[in-house]
Amino acid sequence: MMATTAYIDDSCSEVIDPPKTEVLDVAELPGDHTQHPPKPNVVVSSSVRELLECPVCLSAMYPPIHQCSNGHTLCSGCKPRVHNRCPTCRHELGNIRCLALEKVAASLEVPCKYQSFGCSGIYPYYSKLKHESQCQFRPYSCPYAGSECTVAGDIPYLVNHLKDDHKVDMHNGCTFNHRYVKPNPHEVENATWMLTVFSCFGQYFCLHFEAFQLGMSPVYIAFLRFMGDDAEAKNYSYSLEVGGTGRKMIWQGVPGASETVTGRSGIATTGSSSRGTWPCSSRAVTGRSSSCVSLGESGRNNKMMIS
C-alpha cells in the first residue's frame, strides 16, 4: 500500500488531497505480508490506457499521435477522417504531436490482444503490433465464400463451423473426385461454386470450384487453399490440373506462393482473410471442366490425389 501524503498550497491554508491512481492487475491478498519487488513497465493504469485510446476508432494509438491546441489526442489514421478537426473541441489539429504521450507509451508493456485465444505473452507497447501480426494464436476468418460470415477462430474451430453451420462437404483420405458437367459448357446461367474441406498429412485444405460468366465466355476455376500459415504451407507442394473440351492445364507450386498468370485461357486469384492471406493458387479454363489436384509433403513421396 502506498502511503498518502497531503500537499499544502503555499498561497492558502487549504489542504489538497494527492491525485488518486487506479492500477490494474495488482492484487493485495489478506494476510499476505510478503514484499514483492516492483515490476517496471508491466502494470498499466486504467487512466493511461484511456489516454492511449483514440476517441474516434477506439483503438490504441501509435506514433505519430496528434493533438490539438487544447491537448486532445487523436491517432494518425483518424486525422484525415475528421478533416483535420479535433473531434472533442472542433479546434484545428495542425501538425502538433503529443511527444509526452508517445514516450509514456514506450515505457509500457501490455498483453497481446489475442489473450482470450490463448496467448499469455506480455510485450512492449510498440512491439505489440508486430507480435500480433505473427501471433500463433491469432484467429482466422471463415473461408466460406458467398456469404458475409464473420466467424473467426483457430483451424479446428473453423473446420467444425464449416461442417455444422455451412454444411460443407468434409473428406478424410488421400483421394477426392470432382467433375462439373453441363449440357452446354459454353453457357453459365448463374454463378456456381462449391467448397470441400479435406484432411491430409494432419492438416486441413480447402478445395474451391467456381463457374461463372466473364463477358461472353464461361469461366471455370478450381483452386486450393492451405488452412494455416504461409510458413507451414511451404512444407507442401501440389499439382493442379484443370481441363475441359479437349484441353487441360497443369500447374505445380507451393500452396503458400502467389503465382499470377493471365491470358486467353486462364486467370489466377488469391484468397484473403482478416488474419492475412489464405495461401492459395488457382487456374481456370473455359468450357467443360474437371479438376485434379496432387498434393504432397516437400521432400517426401507422400501424395494426395484429387480428381
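Backbone N, Cα and C atoms are what each Cβ position is placed from, and that goes for glycine too.
Any TrEMBL annotation is an automated prediction that lacks curation.
Features of the protein shown, as given by TrEMBL:
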type   : residues : note
DOMAIN : 54-90    : domain 'RING-type'
DOMAIN : 107-167  : domain 'SIAH-type'
REGION : 262-282  : region 'Disordered'
The domain 'SIAH-type' (107-167): DSSP-derived helix, strand, coil residue counts: 23 helix, 10 strand, 28 coil
The domain 'RING-type' (54-90) - residue tally per DSSP class, helix then strand then coil: 3 helix, 8 strand, 26 coil
